[in-house]
Amino acid sequence: MHEYSLASAIVEQVEKIALEHKAVKVKKIIVSASPYELIIPELLYGAYEIIVSENEMFKGSTLEYIVQKAEITCLDCGYQGEPDEEGDPEFAYNFKCPKCGGRDTHINMKSMVIESIDLEIPSETEEQEKKKEENIVN
Ligand SMILES: [Zn+2]
């Protein structure tokens, strides 16, 4: 259900942007989210297909989901960026700071964002990719 509500939020946002640009078709959407969102891509794509199946503007469009890199803030030295190590479940919520080696770190959560939207706009001869970074409420 998490994926379904995300997919409908994506469609809602993209439709708004497409209308603003007077687009007739949405061709491709790329979204990204934090690895801690625990999104199952197949469920997201499946939900997207269902939501857009009756929508002429989205017919034949594709949705691509990419996972953002983990980012931490070190509470000891103030470092912000990628952690020193990844994927150790024991330390999943306590990444090591690459600057001071401390484990008093905090994961920076970022909600799902639209990375790019490929639209078909009749008034323009060349296809244009509209780069957008918009937060989706989830
Ligand atoms: Zn540190």
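Glycine too: its Cβ is placed from the backbone N, Cα and C atoms.
The feature Ni(2+) binding site is assigned by TrEMBL to His2. The Zn(2+) binding site annotation in TrEMBL covers Cys74, Cys77, Cys97, Cys100.
Here the features listed in TrEMBL are placed on the structure.
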residue : record              : DSSP class
His2    : Ni(2+) binding site : helix
Cys74   : Zn(2+) binding site : strand
Cys97   : Zn(2+) binding site : coil
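Other residues of the chain with a Cβ within 8 Å of the Cβ centroid of Cys74, Cys77, Cys97, Cys100, the Zn(2+) site, are Leu75, Asp76, Gly78, Tyr79, Pro98, Lys99, Gly101, Gly102, Asp104, Thr105. Cys77 (Zn(2+) binding site) sits 35 Å from His2 (Ni(2+) binding site), taking the CA atoms of both as reference points.
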